[in-house]
Amino acid sequence: MSDFIVGLTGGIASGKSALAAEFEKLGVPVIDADVIARQVAEPGPILDAIAAYFGDSVLLPDGTLNRQALRYRVFADTAQRQALEAITHPAIRRELQRAALAAQGPYAIVAIPLLAEAGGRATYPWLDRILVVDVPVALQHERLMQRDGATAELADRMITAQATREKRLAIADEVVCNHGVLKQLSQAARRLDADYRARANP
């Protein structure tokens, strides 16, 4: 059971997953909000609520969520994005906390892409530390176009739909700057791991 929980966040295409993987190599359990969000949106009451609000156009023929269609809708419209978050986020938060507390390890990391947007510690009071992966906006843009095949316009919308770098940095206890050098991420993870282990067992 992990009583010490670190929230890991950063903008889209910032390298959160790469940093999380470095912590996993060190034996730290990582709970991924994106994975939990997909589980929450499987057929059931949350998906029913999504379909009731957005219509059947966000469903595939087999009744599962058409993630691409929904993503396009919510990135294009702030009100629709907020509506989706109101439907899904309470369930995601509950499951994240449950999974983090149940994790076996020296401490647990919970990767939460929209931590700043959700209100930081005010919304996640059970986080002991907040770790932000920071990346220049130009590099985010480039990664989205290369990694996800996003157009320049969609990449712009995806970045501006999220909190600003300044807002994310304002909630950070620790910051890792990711310029795409894996060795630097690995070194940062080892340094922070030693600190978090000490904090988890004072």
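Cβ coordinates come from backbone N, Cα and C, glycine included.
Values in this document were obtained by computation on a predicted structure and should not be read as measured data.
Swiss-Prot annotations:
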type	residues	note
BINDING	ALA13, SER14, GLY15, LYS16, SER17, ALA18	ATP binding site
DOMAIN	5-202	domain 'DPCK'
Point to revise | Listed in sequence order, residues with CB under 8 A of ALA18 (ATP binding site) and six or more positions away | key: ASN178, LEU182, LEU185
Review point. What is the Cβ neighbour count of GLY15 (ATP binding site) at a 10 Å cut-off, with all protein chains included?
Key: 24
Point to revise | Additional residues surrounding ATP, by Cβ distance to the ALA13, SER14, GLY15, LYS16, SER17, ALA18 centre under 8 Å | key: GLY10, LEU19, VAL133, VAL135, ASN178
Point to revise | Local Cβ density at ALA13 (ATP binding site) - other Cβ atoms counted within 10 Å | key: 23
Revision key, fill the gap. Close in space but at least six residues away in sequence, with Cβ under 8 Å from that of SER17 (ATP binding site), the same-chain residues are ASP32, ALA111
Point to revise | Other CB atoms within 10 A, centred on SER14 (ATP binding site) | key: 25
Check your understanding: If you draw a 10 Å sphere on the Cβ of LYS16 (ATP binding site), how many other Cβ atoms land inside?
Key -> 26
